[in-house]
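One structure is given here, and the rest of the page talks about it.
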Amino acid sequence: MKSIIIFLLIIYVSGFDNEDNNQGQCDNLCSIDVNEIDVSKFISGTSEEKKEIALLFDKTFHEYGLIRLINTNLTSKLIDKAKEFFSLDSEIKMKYYLNRTHLDTPGYKPLGFESVGNYGGEKQTSSVDSTEAFFTYFKSQSKQLNFSIDTLPEEFHNVIPEYIFQSRKLISIVHNIADLALELDENTFDRNYTSDNASFSLRLTRYLPTKDQEEEELAFGEHQDYLGFTLLQNDNVPGLEVNMNGKWFRVDPKANSLLLLGGQLIERWTNNYWISILHRVATVKQLRYSALIFSGPDLNTLIETLPCKNCTLTKSKYAPVTVQEHLKQKEMATLHH
């Protein structure tokens, strides 16, 4: 297995050493192959198999900041139901309009609601994203949902609770892999996510084609995610792009898989040893759908460099910050006024 990992890394390095040549061979942006891990093998595998998975996880997040997960028990049923909901008349969808002052309840964000590309600055610098979305906020470990099923559109009554349940379990498994990958004590990551002050959310998004196909306007602006690990599920329509070494590359969709990305807190926790990758959604030529789970620790958690060997090789690059302070700084800039 170790020789396979080394081989994969050689492919990546040699590919990026010749980026200019590769770019010239592509019609548009070159696509990249993303390392993948089988979650079921980590759950039921031997101690040695778990270590091999953790090693690949560690190397991949150190170099690239995203990995593909297979055999996760998260199906595409929610994407199908999202298509049904977003196809409804605007008047029906607006009944679920998300009030910005009540961000702990499910709700709909119409086109023109936000501009995620502005997350990094204080001024509005980019146009609003060509998306509409439905958000659901939920607590991490509660056996009961923290919202009434009746607040959800009928299309989501069955699938959203199940998706939340399965995603909670999957995030915990990811945390176990991360602990092993960084050689940390068991439960180092997950213990920060067990209280109901942890910030979890589900975002269903429909990306709309621009009217002028000649325009290079993005469907969703370039950004890093704010918090912990993000689970990303797409339909079969391409659009996701990631920035590596200052250049953009396509990440083509793959059936029956999820992408896992690290947010800014993962970068801070590891003192930049693991990467929070810059990503965006390019202009789409047809409707595109995604389901994202954002996971964040307890709002009172103090984010400071973890005691892992590779995280402490250099002096901490960040001052300690609570999740609440970090989140407040970042989210204010995304709202389009």
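The backbone N, Cα and C atoms fix where each Cβ goes, glycine too.
What TrEMBL annotates here:
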DOMAIN    198-297  domain 'Fe2OG dioxygenase'
SIGNAL    1-15  signal peptide
Original post:
What mean pLDDT does the predicted model reach across the domain 'Fe2OG dioxygenase' (198-297)?
Top reply: 90
**OP:** Please spell out the DSSP helix, strand and coil residue counts for the domain 'Fe2OG dioxygenase' (198-297).
**Re:** 6 helix, 48 strand, 46 coil
